[in-house]
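A.B. asks: For reference, the structure I am asking about is given below.
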(Lines of atoms letter the chains of each structure in order from A; the text may use other names.)
(Lines give C-alpha, C1' and ligand atoms only; values in the text may rest on other atoms or scores of the structure.)
Protein backbone atom coordinates (compact mmCIF):
# COMPACT_ATOMS: atom_id res chain seq x y z
CA UNK A 1 0.00 0.00 0.00
CA UNK A 2 1.30 3.46 -0.92
CA UNK A 3 1.64 6.08 1.79
CA UNK A 4 1.26 9.63 0.48
CA UNK A 5 0.93 11.22 3.95
CA UNK A 6 4.22 9.74 5.13
CA UNK A 7 5.84 10.74 1.81
CA UNK A 8 4.88 14.36 2.44
CA UNK A 9 6.39 14.24 5.94
CA UNK A 10 9.66 12.52 4.97
CA UNK A 11 10.42 13.99 1.53
CA UNK A 12 12.07 17.20 2.86
CA UNK A 13 14.57 15.22 4.96
CA UNK A 14 15.41 12.90 2.06
CA UNK A 15 15.73 15.81 -0.38
CA UNK A 16 17.98 17.73 2.04
CA UNK A 17 20.32 14.73 2.07
CA UNK A 18 20.57 14.95 -1.73
CA UNK A 19 18.32 12.03 -2.65
CA UNK A 20 14.98 11.70 -4.38
CA UNK A 21 12.08 10.02 -2.61
CA UNK A 22 10.45 7.73 -5.17
CA UNK A 23 7.75 6.36 -2.92
CA UNK A 24 6.84 4.47 0.23
CA UNK A 25 5.20 1.08 0.68
CA UNK A 26 3.59 -0.07 3.91
CA UNK A 27 3.30 -3.84 4.21
CA UNK A 28 1.82 -5.86 7.05
CA UNK A 29 4.25 -8.24 8.76
CA UNK A 30 2.32 -10.52 11.01
CA UNK A 31 -0.38 -9.24 13.29
CA UNK A 32 1.22 -6.28 15.00
CA UNK A 33 4.14 -5.19 12.84
CA UNK A 34 4.43 -3.08 9.70
CA UNK A 35 7.25 -2.92 7.17
CA UNK A 36 7.79 0.64 5.96
CA UNK A 37 9.85 0.41 2.76
CA UNK A 38 11.16 3.71 1.44
CA UNK A 39 12.56 3.87 -2.08
CA UNK A 40 15.21 6.50 -2.79
CA UNK A 41 17.23 7.37 -5.86
CA UNK A 42 20.18 9.50 -6.93
CA UNK A 43 21.63 10.22 -10.38
CA UNK A 44 24.79 8.28 -9.41
CA UNK A 45 22.80 5.32 -8.08
CA UNK A 46 22.27 4.18 -4.50
CA UNK A 47 24.77 2.37 -2.28
CA UNK A 48 24.35 0.64 1.05
CA UNK A 49 26.03 3.65 2.67
CA UNK A 50 23.36 5.91 1.14
CA UNK A 51 20.63 3.69 2.57
CA UNK A 52 22.25 3.71 6.02
CA UNK A 53 22.59 7.50 5.95
CA UNK A 54 18.93 8.01 5.04
CA UNK A 55 17.82 5.38 7.56
CA UNK A 56 19.62 7.13 10.43
CA UNK A 57 18.11 10.51 9.56
CA UNK A 58 14.60 9.17 9.03
CA UNK A 59 14.71 7.13 12.24
CA UNK A 60 15.32 10.37 14.15
CA UNK A 61 12.46 12.13 12.34
CA UNK A 62 10.08 9.21 12.90
CA UNK A 63 11.00 9.00 16.58
CA UNK A 64 9.96 12.63 17.03
CA UNK A 65 6.86 12.76 14.80
CA UNK A 66 5.71 9.18 15.54
CA UNK A 67 3.35 8.93 12.50
CA UNK A 68 3.16 5.13 12.50
CA UNK A 69 0.68 3.71 15.01
CA UNK A 70 2.01 0.13 15.13
CA UNK A 71 5.46 -1.30 15.65
CA UNK A 72 7.39 -1.09 12.40
CA UNK A 73 10.56 -2.04 10.59
CA UNK A 74 12.11 0.74 8.53
CA UNK A 75 13.74 -0.34 5.27
CA UNK A 76 15.49 2.03 2.87
CA UNK A 77 15.90 0.65 -0.63
CA UNK A 78 17.21 1.52 -4.05
CA UNK A 79 14.58 1.10 -6.76
CA UNK A 80 16.42 -1.75 -8.48
CA UNK A 81 16.02 -2.84 -12.08
CA UNK A 82 12.38 -3.77 -11.51
CA UNK A 83 11.66 -0.42 -9.90
CA UNK A 84 8.15 0.33 -8.76
CA UNK A 85 6.46 3.38 -10.25
CA UNK A 86 4.68 5.35 -7.54
CA UNK A 87 3.62 8.57 -9.26
CA UNK A 88 2.43 9.32 -12.78
CA UNK A 89 5.27 11.85 -13.16
CA UNK A 90 7.75 8.94 -12.89
CA UNK A 91 6.32 7.11 -15.92
CA UNK A 92 7.42 9.23 -18.95
CA UNK A 93 11.14 8.42 -18.67
CA UNK A 94 10.26 4.73 -19.03
CA UNK A 95 8.28 4.96 -22.28
CA UNK A 96 9.41 2.04 -24.42
CA UNK A 97 10.10 -0.12 -21.36
CA UNK A 98 8.31 -3.28 -20.36
CA UNK A 99 6.00 -2.64 -17.40
CA UNK A 100 3.88 -4.86 -15.16
CA UNK A 101 0.65 -3.17 -14.04
CA UNK A 102 -2.00 -4.32 -11.55
CA UNK A 103 -5.32 -2.47 -11.47
CA UNK A 104 -7.70 -1.89 -8.58
CA UNK A 105 -10.67 -2.63 -10.92
CA UNK A 106 -11.04 -4.72 -14.05
CA UNK A 107 -10.50 -3.22 -17.48
CA UNK A 108 -11.77 -5.36 -20.36
CA UNK A 109 -12.01 -8.36 -17.98
CA UNK A 110 -8.38 -7.95 -16.82
CA UNK A 111 -6.66 -6.62 -13.74
CA UNK A 112 -3.07 -7.56 -14.61
CA UNK A 113 -1.14 -6.33 -17.61
CA UNK A 114 2.39 -6.91 -18.87
CA UNK A 115 3.35 -4.79 -21.82
CA UNK A 116 5.32 -1.92 -23.27
CA UNK A 117 4.65 1.54 -21.92
CA UNK A 118 3.89 3.43 -25.12
CA UNK A 119 2.70 6.81 -23.90
CA UNK A 120 1.97 8.85 -20.79
CA UNK A 121 -0.57 11.66 -20.85
CA UNK A 122 -0.01 13.77 -17.75
CA UNK A 123 -2.90 16.08 -18.61
CA UNK A 124 -5.44 13.28 -19.06
CA UNK A 125 -3.81 11.30 -16.21
CA UNK A 126 -3.49 8.07 -18.17
CA UNK A 127 -0.96 5.72 -19.69
CA UNK A 128 -1.06 3.73 -22.91
CA UNK A 129 0.21 0.18 -22.61
CA UNK A 130 0.71 -2.25 -25.50
CA UNK A 131 -0.03 -5.84 -24.44
CA UNK A 132 -0.34 -8.76 -26.84
CA UNK A 133 -0.37 -6.32 -29.79
CA UNK A 134 -3.34 -4.42 -28.35
CA UNK A 135 -3.29 -0.89 -26.92
CA UNK A 136 -4.89 -0.20 -23.55
CA UNK A 137 -5.52 3.33 -22.32
CA UNK A 138 -5.43 3.06 -18.55
CA UNK A 139 -6.49 5.85 -16.21
CA UNK A 140 -3.90 6.45 -13.53
CA UNK A 141 -6.61 6.21 -10.86
CA UNK A 142 -7.11 2.55 -11.84
CA UNK A 143 -3.47 1.62 -11.20
CA UNK A 144 -2.93 -0.17 -7.89
CA UNK A 145 0.72 -1.10 -8.55
CA UNK A 146 3.13 -0.71 -11.45
CA UNK A 147 6.75 -1.66 -11.86
CA UNK A 148 9.33 -2.12 -14.56
CA UNK A 149 9.80 -5.68 -15.77
CA UNK A 150 13.10 -5.64 -17.66
CA UNK A 151 13.95 -8.36 -20.13
CA UNK A 152 17.27 -10.19 -20.04
CA UNK A 153 18.30 -8.01 -23.01
CA UNK A 154 17.49 -4.85 -21.04
CA UNK A 155 19.57 -6.05 -18.10
CA UNK A 156 22.55 -6.96 -20.30
CA UNK A 157 22.40 -3.56 -22.05
CA UNK A 158 22.35 -1.77 -18.69
CA UNK A 159 25.28 -3.80 -17.37
CA UNK A 160 27.27 -3.06 -20.52
CA UNK A 161 26.51 0.67 -20.25
CA UNK A 162 27.65 0.70 -16.61
CA UNK A 163 30.82 -1.22 -17.45
CA UNK A 164 31.58 1.16 -20.33
CA UNK A 165 31.02 4.15 -18.03
CA UNK A 166 33.56 2.79 -15.54
CA UNK A 167 36.24 2.33 -18.21
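Keep in mind that glycine also has a Cβ here, set from the backbone N, Cα and C atoms.
The structure displayed is predicted, hence computed values, not measured ones.
So TrEMBL says this about it:
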type: DOMAIN; residues: 10-82; note: domain 'Ribosome maturation factor RimP N-terminal'
type: DOMAIN; residues: 85-150; note: domain 'Ribosome maturation factor RimP C-terminal'
A.B. asks: For the domain 'Ribosome maturation factor RimP C-terminal' (85-150), what are the DSSP-based totals of helix, strand and coil residues?
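C.D. replies: In the domain 'Ribosome maturation factor RimP C-terminal' (85-150), the DSSP-based counts are 9 helix, 40 strand, 17 coil.
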A.B. asks: For the domain 'Ribosome maturation factor RimP N-terminal' (10-82), how many residues does DSSP put in helix, in strand and in coil?
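C.D. replies: Grouping H, G, I as helix and E, B as strand yields 25 helix, 26 strand, 22 coil.
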